[in-house]
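According to TrEMBL:
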- 6-129: domain 'Arf-GAP' (DOMAIN)
- 132-233: domain 'PH' (DOMAIN)
- 255-360: domain 'PH' (DOMAIN)
Amino acid sequence: MAGGKEKSVKALKEVWRRAENSLCADCGKPDPDWASSTLGVFICLSCSGIHRNIPSISKVKSLKMDHWDDAQVQFLAQHGNAVTKATYEAHIPIYYYQPTYNDCQVLREQWIRAKYERKEFTEPGKQLPYSDGVKEGILWKRGRDNGQFLPRKFLLSEREGSLKYFTKQDAKEPKVIIKIDVINATFQPVKTGNPNGLQITYLKDNKTRNIFVYHENGKEVVDWFNAIRSVQFHYLKVAFPIASDNELKSRLTRNFLKEGYMEKTGPKQKEAFKKRWFTLDHRRLMYFKDPLDAFAKGEVFVGSRENGYSVQKGLPSGTQGNFSWHYGLTIVTPDREYLFTCETETDQLDWIAAFTSIINQPMIPQEYASKCLDAISFPS
C-alpha cells in the first residue's frame with residue numbers, strides 16, 4: 001500500500017516538474033503548487049481561490065498537502081497547462097487583456113471565468129460582448145467636485161471613434177466626448193476604494209484628465225475595459241495599416257509604471273517640500289494633490305538617456321528646502337533638475353528603478369513631439 005502511494009507521489013512530481021507546468025496556467029506566477037483535478041491545469045494559490053468559487057467547473061487540490069489518487073495523477077499527466085491552454089485559449093482576440101499575478105482580483109477572476117466557465121475562447125469567430133464595436137450602459141462615475149459616485153450613461157462607438165458619457169440617461173447631448181486614440185484605462189481598486197474601480201485617463205488640451213468609474217458587476221466592468229481595447233485596436237489597424245498586430249497591441253491600454261506619494265519642491269528649489277501623489281505613465285510624470293483629482297497639477301516629460309535625462313539617488317548638496325522625508329532622488333533634464341523625497345528607502349529605490357527603466361529606453365519619433373511637456377510648469 002505504501003509502495004503504491006509513493007509511486008503515485010513520484011508520478012505526480014514528474015508531471016509537476018514539466019516545463020509547461022512551471023508557471024500558473026492563469027496568471028503566470030512561478031512555481032504553482034495547486035492544480036485542478038477536473039481541468040488538468042497547474043495554478044497558484046491565489047488563482048486556486050478563484051477556481052474554488054466555480055466548483056461546477058473546477059475542483060482544486062494542493063500538490064503538497066492533498067492526496068492525489070492514480071486516476072487523478074494520470075488525468076494531470078494527459079492534460080497539463082499546454083494541452084488545456086490549447087483548448088481554452090485557442091482563439092483569444094489579440095486585443096483581449098490577459099492579466100498576470102500583478103493584476104487585481106476582478107481582472108484575474110473574469111479571465112478565469114471567461115476561459116473555463118463561459119468558454120469564450122474555444123471557438124473561432126465567437127460573438128463576444130466586447131467585440132461589437134459599440135457598447136452602451138451605466139457606469140457609476142465619481143463627481144469631479146463632490147467626490148460622489150453617480151450613475152452615468154456611457155456610449156463607446158468604433159464607428160465614431162469615441163467614448164461619450166451623459167449626465168442623464170435620456171440626455172440627447174453628451175457631457176464629454178473622448179477620442180478613442182487618447183484614452184487609457186487601468187483598474188484602480190485601491191485608489192477608488194472599489195474592487196471594480198476603473199480609471200479612464202485621456203488628454204484634453206494636452207493635459208491629462210482622469211475620470212473614475214465602477215460597476216457593481218465584475219464581468220460588466222471587465223467587458224467595458226476590453227471593449228475599449230477592441231475599439232482602440234481596430235482604430236489603430238486603420239491608422240497604421242502596415243504595423244503588426246503585436247505592435248498595435250502594445251499601444252493599447254497600459255498600466256501605470258508606478259504611483260505613490262513623494263515630496264517635491266518648486267523650480268527655485270528653495271521652497272518647502274510638499275507631499276503629493278505622483279503617477280508615472282510611461283514618459284509622463286504627473287502629480288496630484290489627491291490621488292482622485294481630475295487634473296494633474298503639473299506634468300514633466302521624462303526622456304531618454306541619450307537626450308540628456310537621468311535619475312540620481314539623493315538631492316544636490318546644499319538643497320535648502322525643508323523636507324520631512326529623507327530619501328531623496330533627482331531627475332535631471334536638459335533644462336532643469338527636479339527634486340523629490342520619499343518616505344522610505346524602499347520607495348526611493350522603487351522610484352529610481354521605474355525612472356531608470358524609462359530613461360534607458362530610446363525615444364520613438366512620436367515621443368519627440370511630446371518633449372514640449374518638459375516646459376510645463378511644475379509648481380508646488
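Note that Cβ sites are derived from N, Cα and C of the backbone, with glycine treated the same way.
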Helix-strand-coil residue split for the domain 'Arf-GAP' (6-129), DSSP-based: 53 helix, 10 strand, 61 coil
The domain 'PH' (255-360): DSSP-derived helix, strand, coil residue counts: 18 helix, 41 strand, 47 coil
Three-state composition of the domain 'PH' (132-233), taking helix and strand from DSSP: 23 helix, 47 strand, 32 coil
